[in-house]
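Q: The N-linked glycosylation site annotation in Swiss-Prot covers N49, N56. Residues or ranges marked as transmembrane segment in Swiss-Prot (evidence: sequence analysis): 4-24, 66-86, 100-120, 139-159.
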Amino acid sequence: MSLLLLVVSALHILILILLFVATLDKSWWTLPGKESLNLWYDCTWNSDNKTWACSNVSENGWLKAVQVLMVLSLILCCLSFILFMFQLYTMRRGGLFYATGFCQLCTSVAVFTGALIYAIHAEEILADRPSGGSFGYCFALAWVAFPLALASGIIYIHLRKRE
């Protein structure tokens, strides 16, 4: 049982790390010439002084929706981890982790919706940018976090506390 709890906790921490990097790092979209866009800033690499020059992204409504959903997924994932720890130490033997599982399932839905909106509306979000480019690694990390959060939520729902 302790090995299972360790694996579930490690999976949850991995999902948290993936969501933090996907939400806060600077590569949701990469353009030719070392320019990248994330959910918050448009960054260009300045090779003269070897720094990133960043400016705020556009006020596109779809981008705002993606920002909100990714922050919501982070909040829900943190909440579910705290809830898991609380239930682990206070719940009686034989209890199920339904609340934790439900929070993780909501996390996976929020990540899925945010990444899907970004994928579908990328042309509108990037309308004032030059053509070309591709999705960055943060976008891929969001897609990796989705099935992991979904699996984690299902595991939590079926997990029963034992002594």
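Each residue's number is its place along the chain shown, starting with 1.
Here the Cβ of each residue, glycine as well, is placed from N, Cα and C on the backbone.
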Q: Six or more residues out from either end of the transmembrane segment (100-120), which same-chain residues have a Cβ under 8 Å from its Cβ atoms?
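A: Sequence-remote neighbours of the transmembrane segment (100-120) are 12, 15, 19, 28, 62-63, 65-66, 69-70, 72-73, 76-77, 79-80, 83-84, 87, 135, 139, 142-143, 145-147, 149-150, 152-159.
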Q: If you count Cβ atoms within 10 Å of the Cβ of N56 (N-linked glycosylation site), leaving out that atom itself, what do you get?
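A: Around the Cβ of N56 (N-linked glycosylation site), 8 other Cβ atoms lie within 10 Å.
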